[in-house]
């Protein structure tokens with residue numbers, strides 16, 4: 001996570017509007033097509049925010065994480081490296097690391113496999129992983145008891161719309177024990193439903209800037 005934010009780019013309003021679902025909720029092909037379009041719209045929406053707005057929203061998300069998690073030194077917390085204008089929790093990670101929290105970042109070992117989490121402290125050496133996302137160069141593998149997962153969208157049933165790779169669902173399904181699952185995203189990414197499927201795993205909590 002870096003301290004800087006990407007430059008603000010104005011997008012056409014239509015690019016940021018989630019399309020209405022058209023098709024059958026019984027057909028996965030229809031749902032998959034809608035999810036792809038919804039992802040594109042929601043990512044455009046958060047990229048269209050001013051950097052200062054994203055920063056302020058990220059701070060409010062961090063404050064709510066403090067409330068939910070309580071004492072961070074009691075946990076191994078799986079975080080994420082922000083991409084595509086996701087909430088940036090770097091400053092929060094610095095603070096709770098100083099309070100004794102053990103932090104970990106996800107690593108894609110192989111496509112189609114569960115994620116591996118490696119211990120990480122802000123300032124540790126990183127290397128480029130899949131899709132050029134920074135990952136810990138070293139550090140033992142751990143299994144967090146709290147997952148903080150970025151989301152593209154979410155619904156009232158706490159289902160998370162991700163990027164479509166299924167990494168978090170596979171990781172949770174293969175876990176030796178179920179972690180506490182927290183999805184984080186901006187309030188503008190709320191959806192009436194993501195049309196959840198049997199492989200979708202609901203979060204225990206959704207944290208936004210509201």
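Cβ atoms here come from the backbone N, Cα and C positions, even for glycine.
If you check TrEMBL, you get these features:
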- 86: substrate binding site (BINDING)
- 160, 161, 162, 163, 164, 165, 166, 167, 168: ATP binding site (BINDING)
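Rounded to a whole value, the Cα-Cα separation of residue 164 (ATP binding site) and residue 86 (substrate binding site) is 16 Å. Between the listed binding-site residues, namely 162, 164, the fewest other CB atoms within 10 angstroms of a CB are found at 164. Across the structure, residue 86 (substrate binding site) and residue 166 (ATP binding site) place their CA atoms 18 angstrom apart. For the residue listed as 'substrate binding site', other Cβ atoms within 10 Å of its Cβ number 20.
Each residue in 152, 169 lies on the same chain as 160, 161, 162, 163, 164, 165, 166, 167, 168 and has a C-beta within 8 Å of the C-beta centroid of that ATP site, without being one of the site residues. Residue 160 (ATP binding site) falls within a strand when secondary structure is assigned with DSSP.
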